[in-house]
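Data first, discussion second: the structure below is written as structure tokens.
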Amino acid sequence: MPRSAQEEFPTWVGFVFIFNLIVGTGALTLPSAFSHAGWVLGSVLIVVLAFASYMTVTFVIETMACANAIQNWKRLQFLKRDRVLEHDEDSNVETMTEPLLVGGAGSGSAVDDNLTDASVEHMPLNIMYCRNQYYSLSSKIELGEMANLFFGRVGRFLFYFCLAVYLYGDLSIYSAAVAKSLRDVICVHNHSGNDTDGDDVTIRCWEDSALSRFDTYRLCLIAFIGVLGPFAFFNVQKTKYLQLVTVLFRWLAFTVMISIAVHRLVAAQSSQDPPIIPKRADVNGIPYLIGTCIYSFMCHHSLPSLLTPIANKRKLKSLISADYGLIAAFYLSLALTGIFAFADIKDLYTLNFVPNSDQDSGFLKAIEYFLALFPVFTLSASFPIIAITLRSNLQTLFLDTTQLESYNFFLRRVFFPL
């Protein structure tokens, strides 16, 4: 549907939306992947993935423009057919009321007018109008709607199946990761090496507490869904302030981790300890590297919701290029400083910054808690966007989006978000 003025936002807000969607907790696994496969191999793969993802984003934008052109053309043809039908009805009324003697030239003129109006229906508009209006991203057309336009029955089924599994999986992982992170910050008990996830049912969250770690996890999960779940009832624009706040925490977390790693590198230059020399390339680490990096630049599924509301779309190319360039620089800086600063890289990079148990520094304790909450900041920004994308595509699958307002309120605004 065409967007209204109040639903638009400036280009820099779109920059923040895309950055938040792409950069998730997967960035924290990159240093470990680089240490397994080598920093040269990892750097090359990140650059290749960034370029490939950027190219496919341009393909999605081109498809969105083509889908808008088809809808705009159909809408224009519908209006023209209405005009021709109205003209025909008026002509018939005039012909019935006029005497039969007024045939001749007047009748021929009316027929010529009707033919002229009808022929306009099949005449393409001028080139400038096509460029400026037909292919403009004026309407939000979800990937599901594009699949209905361009795919056959089998293609549509496979598309919706893959999209639903992927988005539902994302939401499940996000919910579990945020709840687990909050649980680990809230509970004072730390697992020993022999503890398993099943022990969370019996281990107390605090000493002399009635709540187990698993109970706390479930409460955190309910709280997370209760706070961010309602965003699924609205559009992406309603998450603007959430995106702006979380992107500040995200950049701050990256800056803290990179700064600490750089400080360790500088301090190592003046120490007597041997320098850390990570691997350059190890083909045995390629599967682990690919499994970690493959989703590093994923944002394609939510592009219609993110790009359509941008007011000035002339800067889309520079916007997306800047986003991908900045994210690739962040990834490389985080991973390269990490593998040269730490001899042992944890699977989750934030674990390398946890202070020792005998550390009494309040500043380091603050860093510990801040970095432990990093998954909460990142996933809290992405969760509403993924939920809105899933809701919109489910509506496209089961409802006629061209007549969405004709359905009852519960079906349109309540059922699919739930």
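Glycine residues also receive a Cβ, built from the backbone N, Cα and C atoms like all the rest.
The domain 'Amino acid transporter transmembrane' annotation in TrEMBL covers 12-64, 140-398. Marked as transmembrane segment by TrEMBL: 12-34, 40-70, 157-177, 216-236, 248-266, 286-303, 324-343, 369-390.
Counting same-chain residues at least six beyond the ends of the transmembrane segment (216-236), those with a Cβ under 8 angstroms from any Cβ of the stretch are 7, 17, 175-176, 178-180, 182-183, 186-187, 200, 205, 242, 302, 305-306, 309, 380, 383-385, 387-388, 391, 413-414, 417. Mapped onto DSSP helix, strand and coil, the domain 'Amino acid transporter transmembrane' (12-64) counts 50 helix, 0 strand, 3 coil. When each of 157-177, 248-266, 286-303, 324-343 is checked for Cβ pairs under 8 Å to the transmembrane segment (369-390), 157-177 comes out on top.
Among the listed stretches 157-177, 286-303, 324-343, the one sharing the most Cβ pairs under 8 Å with the transmembrane segment (248-266) is 324-343.
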